[in-house]
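Okay, structure first, notes after.
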Amino acid sequence: MHTLILTGGGSAGHAVPNLALIPLLKDRFRLAYIGTAGIERGLLKNTGVPFCTIRAAKLVRGSLTKNLTLPFRFLRGIREAKRALRETRAEAVFSKGGYVALPVVFAARSLGIPVISHESDLTPGLANRLAAKKCRAVLTSFPETAAKFRNGKYVGPPVRRELFGGDRAAALSKYGFSGAKPVLLAFGGGSGSAALNAALEGALPDLLPRFDVLHIRGKNGGCPARGGYLPLSFEKDMASAYACADYVLARAGSNTVFETLALKKPALFVPLENRRSRGDQVQNALYFRERGLCRVLRERELTPASLARGVFALRADEELRRRLEKQPVRCGNEAIVSAVCGLFG
């Protein structure tokens, strides 16, 4: 059995897609994961995939002083990645990007190990742009993104198949909702979102007469539970969370967007603005808004009142719901696995 290395991390968005692929890959390959001691190690803990830890250097945007040692820390990461690749007897690497993956990709190519990467966002992230020339192919979630790489190939997004297995009746019972009102599922990404949480909590007096609200808010505390409102710091069972939901309020990371679309849940996305990110969430959200498949509330306009209005408008938008129902499910899992298998052909 061939040995395949998975990598990607620094944020949940660069690690969660690998979770979607592991069930399909583990019967075909001997797997190992190379990442840092950050979020990716926690996410991989219960997969049964051996984890090799390295230290990876992250570019701090807009800070010259903090980046002075970046080249030395990057070289250290490459050395540690080389050691991990040798110890695991790696034969190929699949990268989901993020700064964590970059030293692994460079190390792999210096050892003659073939690499394939996958870009989930509409515009490529810095790590995937830097790694692209080292990769045999750059797979993409958006058709338009493939054209940005000489070796780009559109395959679609990785989507966790277990999300489709939720039972609505069981989920409503789990969260204590009667089903008499529609359920709004709200969450802010891997670590929550203070701005989104605050706006939602401020909007509860307007929302709760019309909705039950399941709020996955991250580690920071907030409003206590009350009738029709259940806050959770974390929810591992997202299949149940989605199953009980009639509508979704969320950030616009690519994983969230594609999972919500695949499940055909009408969504109001509140993307991180450019000043707080590289602008990928705004681009992801606007791409699908232009196609009539979601609604978008810009963070600069986010208030409790605007959030409530946005949710009410989402509920009233029957045309959006009809478009979602007609859309084919976008899922690139099988195509990604096929491309990875091609590394050994």
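Glycine is no exception: its Cβ is also placed from the backbone N, Cα and C atoms.
Taken straight from TrEMBL:
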DOMAIN    5-139  domain 'Glycosyltransferase family 28 N-terminal'
BINDING   SER11, ALA12, GLY13, ARG160, GLN281  UDP-N-acetyl-alpha-D-glucosamine binding site
DOMAIN    184-319  domain 'Glycosyl transferase family 28 C-terminal'
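Here the features listed in TrEMBL are placed on the structure.
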residue : record                                        : Cβ neighbours (10 Å)
SER11   : UDP-N-acetyl-alpha-D-glucosamine binding site : 19
ALA12   : UDP-N-acetyl-alpha-D-glucosamine binding site : 21
GLY13   : UDP-N-acetyl-alpha-D-glucosamine binding site : 25
ARG160  : UDP-N-acetyl-alpha-D-glucosamine binding site : 21
GLN281  : UDP-N-acetyl-alpha-D-glucosamine binding site : 28
Counts by DSSP class (helix H/G/I, strand E/B, coil) across the domain 'Glycosyltransferase family 28 N-terminal' (5-139): 60 helix, 24 strand, 51 coil
Tally of residues which DSSP labels helix, strand or coil - the domain 'Glycosyl transferase family 28 C-terminal' (184-319): 62 helix, 23 strand, 51 coil
